[in-house]
Amino acid sequence: MGPPSRPRSRDSSGAGKRSVRGLSPNLDSRRSNRTSAGSNFAKPSSPATSTSLSTPDRKVTVKEYSSSSEDIAAEIVVWTGDTMDVDIPESPTPAPAEISDPPDVVVEDMKVEPIVSPSSSPLSQPSSSPSIQPPPSPSIEPPPSLHLDVPSAASLDPSTPLLHDPLPPTPSLFPPAPPSGVVKPPFVDDAVVPKAEDSSSSLSAVSDHSDLSPALSSVSSKATTPVDNESSKDGMAPPAGQLASQIRDKPRRRYDVRPKVSIPPDLPLYEYATQCIAGAEASRLNPYALHPEEYSMLRDHISHTQVTTYLNIRNGILRLWVRNPQIAVTRDEAVGCAKDSRWFDVASLSFDWLVRRGYINFGCVEIRSSRKPAAEISPTQRKQKTVVVIGAGMSGLGCARQLEGLFKQYSKRFREMGEEPPRVVVLEGRSRVGGRVYSRSFTTKSKHVAPHFEGKRYTAEMGGMIITGFDRGNPINILLRGQLGLDYHKLNPEMTLFDSNGKPVDFERDQMVEKLYNDCLERVSEYKFQQPTSKLIEGNRDLIDEGRDSSAETHKTIRQAEEAAAAQPYAAPVSEQNMAPQVHLVPVSSDRATGKVHTEPGTPGAQKAAHRVRDIGWTLKHGVSEDADLEIDSLTKEPNATLGSVIDKIIPQYRDLVDFTAQDYRLMNWHVANLEYSNATNYNQMSLRGWDIDAGNEWEGAHTMVVGGYQSVPRGLALLPTPLNLKQKSPVQKITYSPDNTGRATVECEDGYKVEADYVVNTIPLGVLKHGNVQFEPPLPLWKTDAINRLGFGVLNKVILVYKEAFWDESRDIFGVLRIPSSRHSLEQKDYSSQRGRFFQWFNISKPSGLPVLLALMAGDAGYDTEQSCNDDLVAEATEVLRSVYGSRVPKQPVEAVVTRWASDKFARGSYSSAGPAMEADDYDTMARPIGNLYFAGEHTSGTHPATVHGAYLSGLRAASEVLDAVLGPIEIATPLIIPKNHSSLKRKASGANNKDSLEARLQQYEIDMWDHIVLHIDRRPAMPNKPASNAYIFFSKSNYDNARKKLEEGRRPGKGKPSANEVRMMSAKMWKETTEEEKRPFVEMVEEQKRGYADKMAEWKKLAAEWDEKATELRLKYERERPPPVASEEEGSKRRRAAGVESYAEPDEDEGIVEEDEEDVTMEG
């Protein structure tokens, strides 16, 4: 394949950097113009084999050692005798030699030697030689498609110690095309990359039809919902008591960039707007409204009408990032998203906020250092602060990696302060990274390697396992698909539930019981904590959808307008103006793969119980009134009421309304066990008011698992683009900190290692904090320890069984088994508690693991029982459960078995957090609050995404943001932020003084005049006819709106008000599903009629448009002959090239400098 090519130039020209000859200076060369934003990432390319890993500035020598210790007490290998080969059906392609586990890296024997290598690519291409040579300088040629080489899944060995050491020699990560069911990130086809000389198209192109690029949904997600829970939790808020920004009274920054250089000129504006909106939604931000922190930052500087323009700029910056997260967005690129130079400072401010809060430039992205002339103070004389991050799990690694990137991006600020960028030290007690994300290798190997598994490790997930959707903002999407290019397997959501006798449960009965279970949750959700509403400052949706800025100019800022409104008689105070509406989220379904509850806006418990169960499909018992209801209110007021105590008493009340059998009880308790799985505890230990505190923050998209191990993600964070300063096997025993920020902190480890720090980020799991293993000096304040005690922290364990061959349905990834109580036919809810979570859910993980493997969950009480159970007994019980379903096909013993015991692991003391019985609404926020120079991160500090891998990672980004704000202070804001139109500098520019872009101005005016000339003669181009509705349901819902509303009003409980629009929509959808094909026919015919009319209009439009285009072309040619376009003189062209620093359009050589992103500040006159 040859040496790796350097990434293409990211600059859009006009920013003082090199570009490619012949391309339009305004072309958005950063990403493909036609790719769906937000998810279509280029797959890193790789050679067929590789035995070493190269980084741009290191050469690594590896040495084997024979230690096979794995430090987690949770895993116990039951059968580890002679390795037994597993027979897997042979693939059509020849199988390579058997792949063994890679050797471990010995820290003491590690040799790290700097080499001269280009730094423009985060990783060089792995070679086939153990020693790594610098690649030859690439010849000048058209820029290739961007790629990032990452270590293979095999090389990301979770048990390998890390201390500035890259990975051992490994097989290749990238096998041939996978079979059905295994998804590989798409490649950028080199065949479709345009040549550099072609200026009419983008630099790269990716298929519009990839399954990784879903079209922008018209259904609003949490990114566009008016409820902004994220802002108060994981919204990257600054430290308590610190403002997000401060007004700057100093010379303005000068930008060597032109407006719109980051907006592709060959892309229709509406398509550009669609990509920008998708970029915002893929970044957890509302594309149509300000984030609450943006509101606080801008309310004194912009008006309501100017919000639209700001959002267009911000969304444009996010578009740049999500379209290629392998390259960091630069300030010049961000400023180039502004369409007017007056908004340059606004774009720069938005860039700072997005960078600091972790919305862009995060993860395994290389931040290129600037080649700045040496400062007067030598580096040895400069001060350097130290930040210690405790824990190398997803939150700790995410925080450390983010701090490294932030310090590099703001290195100029540190130089101005006379300091070196702070150093970041990570302390980890284990001998591996990942924390509770742990992919344990099997000793069993396969005789025949499946095509999709070549070069990967045979693993099972001991901890974090499922990625719950990539879409609408999951940061794991950027890490896994956009940067590391790891393969993943989409889980088949279809599953079968087997009764305790091994027979499949009737599907209709299963659905009826599940709906009844969801009705239970809906009724208790009435007593949940109500999330506080936040400010909702929206832009003009129509203009944002069209990609147009607001032309209105008002002199009142948002604050002035709000204060003026508050001064009116009977007006609401400023704090109550522009508030998002209160939205109640009610459970509507449960996710069988994760146990999470899906919610939708609605009114909880709106219908009387008898009416509701009848609508579900149950038949009321003889003599039961249609007005019969449940008694819940008194249950919630009982002392120490919990979610479980209330539901345990609700279920028997349903038995008074309908015939409830023992099988129905088993089904109901299977769903309860699934809820306990998602919370890692018995639901009698869950808060009635806070059990679903993260409702409404779910991602969208299919559930997936990483092929070869989820631990590849934290491993990549630790190593890429350069290894973190990581010290392993160093359990922390004492943290001395400064509560008032007046002194330094000290972290002491059990091995005697001690490090002084200016800031400490504590990512120690909540279970360890509860256990008191780590001493704090001074002791943590009462408000922090109370929150630690109130939050729950439970345990979920797994029993993993490896077999010689599969005896189960390999087309299904999940199946469930109903468990029986001690008394098989019991109708008492309390009898099901201890047994319902034992081996209730099974995952077929053969595709992500590479071997025939089944994984069983032990949830609720069963999770705790596993800690004390004998391994042989657990495996025997698992075999008995499987034989009840698959009979004698199940072997007496598996080839290999692993049992986890997370509560016994001294570095975890459990699995993940939950809402404890005494939990308060703000406990997760309280856990996130810093104390002086001591900061906190981890899934237990994320109120919007607790108990998740992505929640842990987001908390690390938040903590990094808080540390940077503490070091540099809040974001500075220039005043005035937007230069007035009558500013003296703008007047001089309009008159031609000091206008280096005069040619562009003349060309732009020439185009405007020519367009006016064409319109004067033949009017504007005919408008395309609007596309009609193509869904028969739309016509049905409109004509049956009143009927749906009346249905909802029937049996409605007093005090519940009128049905909401969302409730009516849901009822309409239900009515549509129940409508017969004959009843649907009139609406289908209406759609066909609309389509025929649209086809006729389109044919007429195409004819008129073709005629107009022909006349317009003639007029244009005539106009250009009579009035030739302006051209640049030789002197003017020479001046412009010198000003832009453009000498040639080739890629820079290794020894050529990189233009400093942060330009020198200069004073603007006036």
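The count begins at 1 with the first shown residue.
A Cβ is built for glycine as well, from the same backbone N, Cα and C atoms used for every other residue.
The feature DNA-binding region is assigned by TrEMBL to 1026-1102. Each residue in the DNA-binding region (1026-1102) gets a DSSP state, and the totals come to 57 helix, 1 strand, 19 coil.
Look at TrEMBL and you will find 34-43 tagged as compositional bias 'Polar residues'.
TrEMBL lists 44-55 (among others) with the feature compositional bias 'Low complexity'.
What TrEMBL records for 113-131 (among others) is compositional bias 'Low complexity'.
The compositional bias 'Pro residues' annotation in TrEMBL covers 132-145 (among others).
Residues annotated as compositional bias 'Low complexity' in TrEMBL: 155-165 (among others).
The compositional bias 'Pro residues' annotation in TrEMBL covers 166-179 (among others).
The feature compositional bias 'Low complexity' is assigned by TrEMBL to 199-221 (among others).
Sequence-remote contacts of a segment are chain residues at least 6 beyond its ends whose Cβ falls under 8 Å from one of its Cβ atoms, and for the compositional bias 'Basic and acidic residues' (1115-1124) they are 1006, 1010, 1013-1014, 1017-1018. Sequence annotations record features per position, and here TrEMBL assigns compositional bias 'Basic and acidic residues' to 1115-1124.
The feature compositional bias 'Acidic residues' is assigned by TrEMBL to 1146-1166.
Per TrEMBL, domain 'SWIRM' is recorded for 276-371.
Feature annotation from TrEMBL assigns domain 'HMG box' to 1026-1102.
The annotation region 'Disordered' is assigned in TrEMBL to 1-258 (among others).
As annotated by TrEMBL, region 'Disordered' applies to 1115-1166 (among others).
Helix, strand and coil counts from DSSP across the domain 'SWIRM' (276-371) read 51 helix, 3 strand, 42 coil. This prediction places the mean pLDDT of the domain 'SWIRM' (276-371) at 95.
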